[in-house]
Amino acid sequence: MNSDNGILQETPAESEVSSKYICTANHGFAPYAQEELRRAFGSVKSTLLVPGEVFAATLKASAFQVAEQLSRREPMFLRHLFLVEWEWQLPNESERSDTPITQGEWLADLLQFLLADSRLAGKKLAIQTRKAEGSLWSGSAAELKDAIQEGLAELDAEFAVRASDLIVSVFAAKDAVYAGVNVPEANLSDWNGGAIRFQREEGQISRAKFKLLEAEAVFGIDFAAFHEALDIGAAPGGWTSFLLERGLKVTAVDPAKLHPDVLASPRLTHVRKNAASVKFRENQFDLLVCDMSWSPKLTARMVADLLYALVPGGTAVVTVKLLGKKPMALIQEVTGMFQEARLQVQRAKQLFHNRDEITLYMIKY
Ligand SMILES: C[S@@+](CC[C@H](N)C(=O)[O-])C[C@H]1O[C@@H](n2cnc3c(N)ncnc32)[C@H](O)[C@@H]1O
């Protein structure tokens, strides 16, 4: 900053600082991820690469500033991003020569860029590749990964899927290819595009279970440390089965039927009633979960009415359905209601396994 007659002015160098990212949100939520970036960094220059999902964004901040700000205030809808350090743009038709462009050209250029990066030699590397439909890479994303790994053989690096030292991220779009190298923490998620995958188990009761598995991994909640849980809107029993597996006693409230495998557990109590008409002991539970897929405000009121049964310091994990066109405002209103009910929001995030909803991780104070 310059001070001219006491008026602070931005120096040209500061106003020109920018960094570019490939950003990913759950399908249909890219506009909200863009809005989050706008709120955090001012104007955002962005190009959609996969409709509703993946976009390139240039932010008016250095890579350091962006990483610092995102770690201080984690976005809800931006699931994953990587810093673009190398970019190959398809020349305009008028600028192209008569010889058609082959993917070998940009791949050779990308490999040259990566081989020249002194951070990579001897490291444990995860190569994460993705592509848009009709992209400049004609094969599959897995084939692109293989081609890059082959091209980097001389680096004497170890290739890994998880727990790597560095991630090489590549996105092949229709008219451009983007790449960057960074530590896993810088990408918001160390999964490719933030798409965290769990293996479906034999006899798994519902896909909903993946949400709690993901909450456990992403929010770092040690579910096995709780003793007694209340599951509101529990049927068919995916969340309940997860909590039983973690060794908890579970009271599952739902007028609907639970899966027979869940009912077989001696640690389960099924209350086949509407959650608005149940009564428990004060401080009976140290964990409350609710995945009712219902009106967010009515859900918040119902959870608030049952909070006497959650011990102070207890944890609540609640999914909030995003109805209508203003999810940001809705989330603000609903989290305000929880806050008033003495639930402190620890994390609010649209998990990869959340469809039109977000997951709140809260603690009662
Ligand atoms: C999306 S499902 C829950 C899935 C569950 N979390 C699982 O993992 O299998 C929503 C459930 O909420 C229940 N529900 C809706 N309103 C309710 C209420 N007022 N009281 C209790 N359960 C309710 C429905 O009967 C339905 O079974």
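Each residue, glycine too, has its Cβ placed from N, Cα and C.
These figures come from a predicted structure and were not determined experimentally.
Listed features, source TrEMBL:
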DOMAIN    206-295  domain 'Ribosomal RNA methyltransferase FtsJ'
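Here the domain 'Ribosomal RNA methyltransferase FtsJ' (206-295) returns a mean pLDDT of 97 for the predicted model. DSSP states for the domain 'Ribosomal RNA methyltransferase FtsJ' (206-295), grouped as helix (H, G, I), strand (E, B) and coil, give 29 helix, 20 strand, 41 coil.
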